[in-house]
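Each remark here refers to the structure printed beneath this line.
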Amino acid sequence: MSAIALVGNPNTGKTSLFNTLTASYEYVGNWAGVTVEKKIGSLKNGAGKLIDLPGIYSLHPLSRDEGVAAQYLIEESPEALINIVDASQLERNLLLTLQLLEYGKPTVLGLNMIDVATARGIHVNSEVLQDRLGIPVLPLVARTGKGCKEILSLLGQSADIPPVRFKLHYGEIAEAAITSIELELQPMKDLPNHRWIALQLMEQNPVVLDFLKSRMDIRKLVKLGDACQSELQRKNLALTLPQWLRSVRMDYIRSLCLEVLDRADQKPHNLTERLDALLTHRFWGLPLFIFIMYALFKTTFDWVGGPLSDLVDGLISGPISEGANSLLGFLGASNFTHALIVDGIIAGVGGVIVFVPQIFILFLIISFLEDSGYMARVCLLMDSTMERMGLNGKAFIPFIIGFGCNVPAIMAARSIEQPKDRMLTTLLMPLMSCSARLPVYALFAAVFFPERQAFAVLSMYVLGIVFALILCKIFSWLLFKNESSVFMIELPPYRMPQIKTLSRSTWEKGKGFLRKAGTIILAGSVIIWLVSYAGPGGFDVAMDDSYLAKFGGLIAPLLAPLGFGTWQAGSTLVPGFLAKEVVVSTMNIIYHAPDTTGLENQISQVFTPLSAISFMIFILLYIPCLATVGVIKKETNSWKWTFFSMGYCLVLAYTVSFLVFQSGKLFGWS
Amino acid sequence: MTLHLCSLLQLPTGSTVSIHKIEGINPILRRRLADLGVLEGVRIRLKGKGPFLGPITLECNGQLFAIRRKEASRIEVNLA
């Protein structure tokens, strides 16, 4: 089976093309650094595997996602490469192309976003480009699928892609060094193209250096490079060897672009200019961002999501419950089965399914923001605040993704360059309120703050961010000695997200929620119902005598100072560690509520507005869920940091809930 | 040719100049800038300044990006 790798600069549409050429679907968005892992899919025509790599500017990695791409090229050996370049940014993109051509594998150049380039009055002569580089050049619009058929049929006969003959001459001095290094490499087997290795070595690419170090003594090679560098310095050609290689490439690209590009009618990005004038305005930018976030929650809870959720609730509590009841009666099911299905599964899973519309609306809006190009602007707006807190604005993209789910958000932190910034972003992620916590807020807000639901829920998210910022300052100061951070972000042109991309991207995010409903929430509901049905006294005991009550009763005294010291509240917290949605499932089961209204009634009797706020805050902060713990371990590669993230959450949640409840009591609220 | 040098940060919004020298910048950032083709001799345009002394937006080779003011102040440009 042949493997073909997709390589190119960040945000040039590699994943869009990947999704079109394979039957799989991967995450797309309009900022640099969406793809942070190697993704593998099968080509639609069965011609082999396609590998999607994180975007890179050069083969010399700075951040962890870029390391993935460089590592792949040296350690694995794809049969061919597809190099995707942004037609409206040809000059910058070609720098990587030259290094890929030196890699020596058959390469196809995908000239993507040809529509954007044309709209901006940039004309690329693909025939001349093809002729000069000596590789097939195909114009593409990956987002709409234009030109993808041609690529697919070309890859159908990947053996037919001609080998690369491109060779750039780096001047006598450098060429002499390349030849001697190549000679040293001669006895080595299983290496990619030797000339490429030699050039990467001379550029001090750390991935190539490490790779060679593990297989041979490289001191001699390094010496050859150093000698070449002093020679260049002596002749006043360049300060360093990497700089020399780069300038030779740049000169070549400049002369190539003169031939290939026609920029006579080039126009500025009108839409982007106008939107940026407003959205990144020095005074209006931040208030607009806050307004957009408010509108996001208003739509999710009041305008669209809420009414839809009520419909689903009516369906579950009405036709579905009644249908199940009468069907079970008709089948003559035992009391046990009947109770398991109605009180356990329908109550537990149904209680969470009710929130599906709200969660999908939230995902739809997040997908819209991701695809529009606004995310990068949010980083820009937030950077000065974040800098004061010891982090950088780039952390805001993972934070917003974290509102959907913390797991992909922690992965997204890979595109942050500095290890310290990446670590802080990962550690603070559990404070970003994910969609699994949303049912708890929605439920409590509907009971205690029916007039201001969106505001109540938004405050939880804001609270999470505020604590993240405060802890960021503390961690940065205590753990990282205020090491300075760097910030640079590419601002992609804005674009109108397509319906196709939006629906796909919303579905992919929401799918996980539905899958959880069918697996972990279902299993959790059954187990919780069982331990609430059984007790030391046998089966079908009163709920207060069940194992669940005994167990919750153990935790309850600890929670009393927080205002919710009942066994019911206590017993929701432990299963909530598996998946936060289970908190609401457990409540539905415990309170035997046939529908949301029933549950709301029960809750209004057990909680007071003050203890409800305290409980919501506790759920917001108390612990990262099991899946998040797993990904924190994987990304930090340290149990110490993983336990640290769990520990600080628990301490923070307890302290804040305690302070809120106790001071609320002092003021006479209850 | 006479040189009129100043830091990028001192320019009025909207002006286009060429980069004279990039010095004393964090090496990671310097590499990132080089990746985008921001090097000595290249034309660069100051698009806007962010809120609360936040980052400034620049355009170089048709690419928009933002860096902090502290770093921008270390990019020396030639007004001529």
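Cβ coordinates are placed from backbone N, Cα and C, and glycine is handled just like the others.
Counting only residues at least six positions away in the same chain, the Cβ atoms of A:PRO10, A:GLY33, A:THR35, A:VAL36, A:GLU37, A:LYS38, A:ASP65, A:GLU66, A:VAL68, A:ALA69, A:ARG414, A:SER415 sit under 8 Å from the Cβ of A:PRO54 (GTP binding site). Among the features that TrEMBL reports, GTP binding site is placed at A:8-15, A:33-37, A:52-55, A:112-115.
Following the DSSP three-state reduction, the secondary structure of A:THR20 (Mg(2+) 2 binding site) is helix. If you draw a 10 Å sphere around the CB of A:THR20 (Mg(2+) 2 binding site), it holds 20 other CB atoms from the protein chains shown. According to TrEMBL, the Mg(2+) 2 binding site annotation covers A:ASN19, A:THR20.
All protein chains shown were included, and the count of other CB atoms within 10 Å of the CB of A:THR22 (Mg(2+) 1 binding site) stands at 19. The Mg(2+) 1 binding site annotation in TrEMBL covers A:THR22.
Taken from TrEMBL, the feature domain 'FeoB-type G' applies to A:1-161.
Feature annotation from TrEMBL assigns transmembrane segment to A:283-304 (among others).
Within the same chain, residues 292, 296, 299-301, 304-306, 308-309, 311-313, 316-317, 320-321, 375, 400-401, 403-404, 435, 438-439, 442, 497, 501-502, 505-506, 509-510, 513-514, 517-518, 521-522, 525, 581, 584-585, 587-588, 593, 596, 599 sit at least 6 positions outside the transmembrane segment (A:349-369) and bring their C-beta atoms closer than 8 Å to a C-beta of that stretch. According to TrEMBL, the feature transmembrane segment maps to A:349-369 (among others).
What TrEMBL records for A:389-412 (among others) is transmembrane segment.
What TrEMBL lists as transmembrane segment is A:424-449 (among others).
What TrEMBL lists as transmembrane segment is A:455-480 (among others).
Long-range Cβ contacts of the transmembrane segment (A:513-535) within its own chain (Cβ-Cβ under 8 Å, at least 6 residues beyond either end) map to 336, 339-340, 343-345, 347-349, 352-353, 356, 359, 435-436, 541, 543, 545-551, 571, 575, 578-579, 581-582, 585-586, 589-590. TrEMBL lists A:513-535 (among others) with the feature transmembrane segment.
The transmembrane segment annotation in TrEMBL covers A:547-565 (among others). Beyond the transmembrane segment (A:547-565), the same-chain residues lying 6 or more positions past its ends with a Cβ under 8 Å from any Cβ of the stretch are 528, 531-532, 534-536, 571, 573-574, 590, 607-608, 610-611, 614-615, 618, 654, 657-658, 661-662, 665.
Here the transmembrane segment (A:606-629) has Cβ contacts under 8 Å with residues 406-407, 410, 429-431, 433-434, 436-437, 440-441, 444, 447-449, 460, 463-464, 467, 562-564, 566, 568-569, 573, 576-580, 583, 642, 645-646, 649-650, 652-654, 656-657, 660-661, 664-665, 669-670 of the same chain, all six or more residues outside its ends. Under the heading transmembrane segment, TrEMBL lists A:606-629 (among others).
Annotation source TrEMBL lists transmembrane segment at A:641-661 (among others).
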Quick one: of the binding-site residues A:GLY8, A:LYS14, A:MET113, which has its CA closest to the CA of A:THR22 (Mg(2+) 1 binding site)?
A:LYS14
Segment-segment contact (the transmembrane segment (A:283-304); the transmembrane segment (A:455-480)) at 3 or more Cβ pairs under 8 Å:
yes
Cα distance, A:THR20 (Mg(2+) 2 binding site) to A:ASN11 (GTP binding site), nearest Å?
16
According to DSSP, does A:VAL34 (GTP binding site) sit in a helix, a strand, or coil?
coil
Given a separation of at least six residues and a C-beta threshold under 8 Å, show me what packs close to A:VAL34 (GTP binding site) in the same chain.
A:ASN11, A:THR15, A:TYR27, A:VAL28, A:GLU370, A:ALA412
Could you give the Cα-Cα distance between A:THR20 (Mg(2+) 2 binding site) and A:MET113 (GTP binding site), in whole Å?
15
Note down the number of other Cβ atoms within 10 Å of the Cβ of A:LYS14 (GTP binding site), including every protein chain shown.
29
Could you state the CA-to-CA distance between A:ASN19 (Mg(2+) 2 binding site) and A:GLY8 (GTP binding site) to the nearest Å?
16
Is A:LYS14 (GTP binding site) helix, strand or coil when read with DSSP?
helix
Six or more residues out from either end of the transmembrane segment (A:389-412), which same-chain residues have a Cβ under 8 Å from its Cβ atoms?
27, 31, 33-34, 36-37, 362-363, 366, 369-370, 375-376, 378-383, 418, 421, 424-426, 428-430, 432-436, 461, 465, 468-470, 472-473, 475-477, 480, 482, 485-487, 489, 509, 512, 624-625, 627-628, 631-632, 635
